[in-house]
Amino acid sequence: MTKVFALGWLLKINLMKTLYSLRRFYHVETPFNTTVGVGGRDIESTGFAWWSGNARLINVSGKLLGAHVAHAGIMVFWTGAMTLFEVAHFVPEKPLYEQGFILIPHLATLGWGVGPGGEIFNTYPYFVVGVVHLISSAVLGFGGLYHSLIGPDTLEESFPFFGYDWRDKNKMTTILGIHLVLLGIGAFLLVIKALFIGGVYDTWAPGGGDVRFVSNPTLNPLVIFGYVLKSPFGGDGWIVSVNNMEDLVGGHVWIGIICIAGGIWHILTKPFAWARRAFVWSGEAYLSYSLGALSIMGLTASNFVWYNNTAYPSEFYGPTGPEASQAQAFTFLVRDQRLGANVASSQGPTGLGKYLMRSPSGEIIFGGETMRFWDLRAPWVEPLRGPNGLDLNKIKNDIQPWQERRAAEYMTHAPLGSLNSVGGVATEINSVNYVSPRSWLTTSHSFLGFFLFIGHLWHAGRARAAAAGFEKGINRENEPVLSMRPLD
């Protein structure tokens with residue numbers, strides 16, 4: 001065996017190691033050397049330890065770019081891989097919401113591979129989307145590795161357009177403007193898909209939903225901004241109350257215009273004096289602003305997916321809570337009406353209508369426990385309404401088989417648990433081995449939105465403290481561990 005000369009390694013082996021597998025490479029150990037700075041990313045030069053992640057890259061824009069591009073690659077890789085995973089596990093005979101999918105429902109909502117009634121007839125578009133994302137992730141991954149390991153540490157000298165100084169207020173608002181333009185283009189991509197490229201899935205299309213072109217989007221600002229100015233409480237529902245594709249696509253037209261116009265404004269102008277005074281201008285401050293914005297998006301998405309069955313069709317995501325409840329009342333009404341019950345006059349145990357009743361304002365609504373969800377609007381029940389709530393003549397003569405099937409399916413796939421509850425408390429899920437994608441998406445976005453908000457507060461506090469000249473973090477000069485001997 002060739003003898004390796006390395007100071008002290010033989011002594012260490014003799015005293016501490018007994019296994020050959022442990023001895024074999026002991027002489028090539030690389031102890032932590034605080035005198036060697038790794039590209040300006042060690043604790044001495046940056047003030048941040050390795051676990052602070054991108055904080056070490058605050059002043060090395062090239063490496064920070066690499067970290068962000070690599071992160072984008074990871075996200076896109078997950079998207080592609082998970083889409084292919086869902087395609088591989090897809091069972092045509094089962095609804096999407098019974099298969100635990102969260103990506104194919106989004107693609108189906110965009111009108112790809114789906115037909116009348118929300119039936120998936122072609123999974124090839126989903127395969128293509130997955131593969132395109134995988135290829136994109138490889139490109140992003142290579143870019144991330146290049147900028148992290150090979151590219152210039154800073155961009156300011158080599159590529160001035162992409163370089164920046166966190167305190168350069170004009171450059172920061174220019175970057176903000178570029179982001180806004182890109183977001184506006186993203187909003188218009190949905191508009192283009194809905195108007196020109198195959199259309200989108202509309203759960204309100206006659207007969208139980210279908211893919212259609214949205215040829216006449218709502219552009220009336222009173223309608224679009226009326227959603228924004230609505231109360232978020234009760235039946236008003238803020239923007240979450242959008243209930244037709246014309247308003248939804250029209251909203252994207254307005255958002256696209258506003259984002260692009262705002263982006264151009266921020267690119268061409270410099271911040272006003274009041275803005276320069278009002279905001280903190282540092283990397284950590286921008287991080288806190290971003291986290292706050294993401295928090296709002298996450299919490300809004302959480303409410304949207306839970307309550308809205310237009311942007312998130314129940315054919316793909318499963319019914320909303322009120323929808324499953326009303327579906328149960330409707331299913332038993334259909335059953336008992338066939339058995340001869342007079343659904344208009346039958347009384348329940350409380351003396352109120354068992355199947356149908358009047359609301360305080362006189363509307364005919366479903367009776368029983370589901371009365372609390374009287375204001376539900378869903379595609380399978382709307383054809384049965386008249387000028388004053390449910391139409392008794394339609395209930396007796398016009399119920400279609402597709403409405404019965406859909407209600408029975410939704411009844412047994414409630415997002416929160418059994419609707420055969422006691423005192424309004426959900427007892428157990430009403431189906432076997434089932435968790436609604438609405439529940440998954442709602443709770444995940446709620447948690448993410450909450451913790452992003454906590455991150456916003458944390459980084460905003462640190463940024464404000466730094467701007468005011470306070471000490472960031474805790475003074476650790478007197479911690480006992482600093483006076484202890486090294487482990488080895």
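Each residue, glycine too, has its Cβ placed from N, Cα and C.
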Which range of 9-31, 55-77, 193-215 is transmembrane segment in Swiss-Prot? It is 193-215
Which one of these stretches, 149-170, 391-412, shows up in Swiss-Prot as transmembrane segment?
-> 149-170
Range among 306-327, 350-371 that Swiss-Prot annotates as transmembrane segment = 306-327
How would DSSP class E382 ([CaMn4O5] cluster binding site) in three states?
-> helix
Relative to the transmembrane segment (306-327), which of 84-108, 193-215, 270-290 accounts for the most Cβ pairs at distances under 8 Å?
-> 84-108
